[in-house]
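Shown next, in structure tokens, is the structure this report addresses.
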Amino acid sequence: MTDVLARFNSGKLWDFDGGIHPPEMKSQSNQTPITKAPLTEDFYIPVKQHAGDAGNLLVKEGDYVLKGQPLTQGDGLRMLPVHAPTSGTVIAIAPHIAAHPSGLSELAVHIHADGKDQWREQNPIDDFLSQSAEQLIEKIYQAGIAGLGGAVFPTAAKIDSAQKKVKLLIINGAECEPYITCDDRLMRDNPDEIIEGIRILRYILRPEKVVIAVEDNKPEAVQSIKNALQGANDIEIRVIPTKYPSGAAKQLIQILTGMEVPAGQRSSSIGVLMQNVGTAFAIKRAIINDEPLIERVVTLTGDKIPNKGNQWVRFGTPISFLLKNVGYQYDERLPVFLGGPMMGLTLPNLDAPITKLGNCILAPDHFEYDPQAREQSCIRCSACSDACPVHLMPQQLYWYARSEDHEKSEEYSLKDCIECGLCAYVCPSHIPLIQYFRQEKAKIWEIKDKAKKAEEAKLRFEAKQRRLEREEQARKLRSQRAAEARREELANQKGVDPVKAALERLKQKQAAITEKPKISALKTVVNEKGEVLPDNSEVMALRKARRLARQQAISTENSVLTQVDSGTQSDNSDVQKNPENSTALDGKKAAIAAALARAKAKKLAQNNTESVSDNVTAVKSAVQNTEISAPSDSAEKTETDPKKVAIAAAIARAKAKKAAQNNTESASDNVSAVKSAVQNTEISAPSDSAEKTKTDPKKAAIAAAIARAKAKKLAQQQSNKTE
């Protein structure tokens, strides 16, 4: 920074590479003082008129607004508000044609003027020294002031970021465009207010040096500023050679200090800050007069305009309205430019409004304007590179822009292009290089903006997730605390924790349902010899329990069989005593004995456990096997066979009864008939002669088997018929 001041204090003027001296046409419009443009009936104020984001709307359709009333509200120093240019009613808030070569629309507030031009309440101050630097920066921000030299960067943000870094404050009055004279006339007509605005900036920034730089083709403006200073030495004036584009910020710094601003950095990095003379004037009006930025000086020039000059124009005024008031006659063959011939934009629609960016309306005639020649191929002549004041390679950037190679465009420093138009001016192939560069910049900006928004959305989502997690944890913690407090309260009242008691009951219930005898982990014992052997005591205990259950089942079955046997023996004795009545009595007694056996067996089966039932089944099975094998036994066992025959008959009758219950009534009758036959067979068996008694048990068993088979067959037939 010391080098900057040392170089500036040397009084030397440096030069920059490139640049041209185009024909000068300033005399068309700088011969008369600035006048006020008449007010139109309808204003269209774009909500975004600066380099940054649009503010939030404060008005709605149907609202009545006063002159200077804010229409939007910013959120941060780079989101500038816009203000009502006059009093009137908000007709609509809708897209309106923009002052851009694309012809696209942008959101604007449509105000219908009431003709009163009534100001909102104002609070002017006489002495800005009574305010702090922060208060002054806030006033500049609330006034919506942006750089009026062409960049329209928010002034408050620029000043705030450069505080305590600035050693040299440069006020740019070079105005190098060949047709534009708005700054020239402003310095001639309002030098005192410009000086007052510069002193406000000096008070905020506290630089060591302040200088006003003016090109040598504006002698009247230089003299006017000197007269306003009245010999004060706090502000210097430096007259620089006329050369395009000496009014560009980096080129003017190089002329005054011989230093270049590093690529990708701001001038404050070397201790320099630059403001336009129009911006200094707007700062004075905002601080001293409490007037927001609602108008600016606009140069109306070109041979198609009879009444050339500079006018104070309110923002939102349609360009067509301005041109009509200065005698312009529309000609579709000749374009109208917003800005100068070097950096200006072609307007496809003259209904676009004047904004903070609009410093000149140029309407040339056919003597001044040559139609765009047909674009030809690049011949690699390097004329564009030689003329470029920032040492770029426009021919390479041209190829990358055409092929949309965004990475290469950035690699070759497209962002450092100041869009001065020199490359297109000197190109022998008539290639509109600036158009290609602007389009490429817009595409790169759009890609980065989408990536930025995606990253911001990701950060917002992650922040939301963290917030939701914190809220969920806090909710769970509150619930736990409330539950603990409730349990403590109940425990204090009853002496027992209800939750723990409920859990204990649930565990006991589940254990009772699912409890089964389990063998614990393998245990070992040491015998007398010192050998380690497995401890099978639990397994042996389980086996013993199962064995006792089987024995109990067998004993129960034996008791049933004993009762049946005793009944059979008594029947046989009665038959032997009364042979005449044996046929009638044996059948009845056998039926009674069988019924008693069935009842006792059923009762015992209901009272015993499942294990006992299984053992009973096994015993019955063994008994049946004994029945089948009975005929093959020796003659010595034949005397006890009648008992088994009676058991077999009882089993046959039980099976017949079960089959009868599952089948139809007719099947039941047939089964009953079979049972009667079986009974008759059993009854008639003892009445045979004494010689046949030894063989009767076998025949009885065979007859019982045949009866069972017939009963089963009849039951199956009846079931099939029923189906």
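One-based numbering along the chain as shown.
From the backbone N, Cα and C atoms, a Cβ is placed for every residue, glycine too.
The following features are taken from Swiss-Prot:
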- C378, C381, C384, C427: [4Fe-4S] cluster 1 binding site (BINDING)
- C388, C417, C420, C423: [4Fe-4S] cluster 2 binding site (BINDING)
- 559-583: compositional bias 'Polar residues' (COMPBIAS)
- 661-687: compositional bias 'Polar residues' (COMPBIAS)
- 689-699: compositional bias 'Basic and acidic residues' (COMPBIAS)
- 369-398: domain '4Fe-4S ferredoxin-type 1' (DOMAIN)
- 408-437: domain '4Fe-4S ferredoxin-type 2' (DOMAIN)
- 559-586: region 'Disordered' (REGION)
- 655-701: region 'Disordered' (REGION)
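Taking the features listed in Swiss-Prot, we show where each one sits on the structure.
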residue : record                          : Cβ within 10 Å
C378    : [4Fe-4S] cluster 1 binding site : 18
C381    : [4Fe-4S] cluster 1 binding site : 13
C384    : [4Fe-4S] cluster 1 binding site : 26
C388    : [4Fe-4S] cluster 2 binding site : 22
C417    : [4Fe-4S] cluster 2 binding site : 21
C420    : [4Fe-4S] cluster 2 binding site : 25
C423    : [4Fe-4S] cluster 2 binding site : 28
C427    : [4Fe-4S] cluster 1 binding site : 22
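A Cα-Cα distance of 12 Å separates C384 ([4Fe-4S] cluster 1 binding site) from C420 ([4Fe-4S] cluster 2 binding site).
Apart from C378, C381, C384, C427, the [4Fe-4S] cluster 1 site neighbourhood in this chain, defined by C-beta within 8 angstroms of the site C-beta centre, holds I379, R380, S382, A383, P394, Q395, Y398, C423, V426, P428, S429, I431, L433. Secondary structure of the domain '4Fe-4S ferredoxin-type 1' (369-398) per DSSP (helix as H, G, I; strand as E, B; remaining residues coil): 10 helix, 0 strand, 20 coil. Helix, strand and coil content of the domain '4Fe-4S ferredoxin-type 2' (408-437), in residues and according to DSSP, is 17 helix, 0 strand, 13 coil. Summary of the [4Fe-4S] cluster 2 site environment: with the site residues C388, C417, C420, C423 set aside, the chain residues having Cβ atoms within 8 Å of the Cβ mean position are G18, C384, A387, P389, V390, L392, P394, I418, E419, G421, L422, L433, I434, F437. Cα of C423 ([4Fe-4S] cluster 2 binding site) to Cα of C378 ([4Fe-4S] cluster 1 binding site): a span of 12 Å. Recorded residues C378 ([4Fe-4S] cluster 1 binding site) and C388 ([4Fe-4S] cluster 2 binding site) have their alpha carbons 16 Å apart, per Cα-Cα distance. A straight line from the CA of C420 ([4Fe-4S] cluster 2 binding site) to the CA of C427 ([4Fe-4S] cluster 1 binding site) spans 14 Å. For C417 ([4Fe-4S] cluster 2 binding site) paired with C381 ([4Fe-4S] cluster 1 binding site), the C-alpha to C-alpha distance reads 20 Å.
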